[in-house]
């Protein structure tokens, strides 16, 4: 049986909020089977819990934010959720003492490290996968995203930026998902932004914590970060990382092919909502044997399972 996973013990990290610029403390804790991922704002009195569900995503400008019916929000969840998805964590309680998850280095890598430090614990209930039975597609102008049947989880993603540095890099990636491929090839890709946008963002109280410590920054012609890029195709890989996180609010690992052109947080969430609304387009499945599971969540680097 392929079992659900949580973390072995609580872990904490401190960073800054990308948009607020304020210090944020994040704690990740074990949770019982079938809990899913629940985020908790501990700076509220009493603390406010928001389950990570597609319908709770009510803001997708510059990041993905969960917002409850009272308007209480937790923003910038996508990089943390990419790490949870990448390591196959089904159940966790995540406490944060601010309205946003810390940005760390702008990638999912610090969250992968944090989860590996906590240890990964297999639980007593079967892991449920969301299997795509027929294609579901959403469009917005020339942008589109689609999920269709596939035996594992494949990503086929293309971006199209006119910027010379991005245009010179590979802007199209096809990959079959596994935990090891995610950790090695995707998790270190950082968010990126343009100098020309920063003034506007800051005037709107956004990106106040943004810097070359947590983003790839470009002027009109080139990357300004002294150390350059982590991957030659870091731009498209970061968009894939974002999509992994955005799709994980479906509540389960997806079995299917995700194909996207120029998509972002808004369209990713629209796709998840469209999928879940069409109940004949998917089913939840479990696997008796490791060999039968079409997606490998084997953690690289010899992480010990409890």
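Yeah, the Cβs are placed from backbone N, Cα and C, and that goes for glycine too.
Binding of Zn(2+) is attributed by Swiss-Prot to 238, 242, and the same site annotation extends, among 79, 163, to 79. Here is what falls inside 10 Å of the CA of residue 265 (active site, proton donor) among the binding-site residues 79, 238, 242: 242.
Listed in sequence order, the residues of the same chain lying 6 or more apart from residue 79 (Zn(2+) binding site) and placing their CB within less than 8 Å of its CB are 101, 103, 104, 106, 107, 108, 111, 191, 241, 242, 245. Taking the centroid of the Cβ atoms of 79, 238, 242 as the Zn(2+) site, the other same-chain residues with Cβ within 8 Å of it are 78, 82, 106, 107, 108, 189, 190, 191, 239, 240, 241, 245.
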